[in-house]
């Protein structure tokens, strides 16, 4: 019995010695989550184009060699955060938002250039960029201070069909006006020529020249 108790005591002593490397490894993996973070910078103000397109860079530092990055764009409304678009990518040049067709971007080292399309005036607000370095460990996360995006709706353009009808109406009006002016001018010209000719050709006999007067010579007799 004494030997059995001694063996159990030795096993209990050896169990912590075998598990402590795993505990240390997990500690090293999860300590950076709470102790280290990345700094994310983004412009403070961006004005969207007349087509509702806004682009802004999202840069994080310090730079870490990572194979998998997750970028999330959040919109802050009062005290609430709404996810606009998010993606996880591993390529070095393109950032694909498969579930968000109105978002696109490019990646270059530690800089992500984001583009949001289809914005309207009601979408004006503060947009925050969140960056997560997923793989390889350790895990890093950071969020920017936000970019205020201003969107101005363009003035509504007139209907193209309406403009086409206006152009056709003006063209027809000018055509009939020129036709009327030409008809009036031709009528006046014909009225001026009517007293001079009846418009019927009549063959006239040739006129004979007036005969010269013949004088009888007057002789004066001389005795």
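Cβ from N, Cα, C; glycine included.
Features of the protein shown, as given by Swiss-Prot:
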- 36-161: topological domain 'Extracellular' (TOPO_DOM)
- 36-145: domain 'Ig-like V-type' (DOMAIN)
- 46-50: region 'Homodimerization' (REGION)
- 108: N-linked glycosylation site (CARBOHYD)
- 113: N-linked glycosylation site (CARBOHYD)
- 134-139: region 'Important for interaction with CD80 and CD86' (REGION)
- 145: N-linked glycosylation site (CARBOHYD)
- 150-155: region 'Homodimerization' (REGION)
- 162-182: transmembrane segment (TRANSMEM)
Worksheet, complete the sentence: Ranked by how many other Cβ atoms lie within 10 Å of their Cβ, the glycosylation sites 108, 113, 145 are led by 113
Discussion item. Please list the DSSP helix, strand and coil residue counts for the region 'Homodimerization' (150-155).
Written reply: 0 helix, 1 strand, 5 coil
Discussion item. Through the lens of DSSP with three states only, how would you label residue 113 (N-linked glycosylation site)?
Written reply: strand
Worksheet item: How would DSSP class residue 145 (N-linked glycosylation site) in three states?
Response: coil
Worksheet item: Could you state the CA-to-CA distance between residue 113 (N-linked glycosylation site) and residue 145 (N-linked glycosylation site) to the nearest Å?
Response: 16
Worksheet item: Using Cα coordinates, what distance in whole Å links residue 145 (N-linked glycosylation site) and residue 108 (N-linked glycosylation site)?
Response: 21
Worksheet item: Per-residue pLDDT averaged over the region 'Homodimerization' (150-155) comes to what?
Response: 85
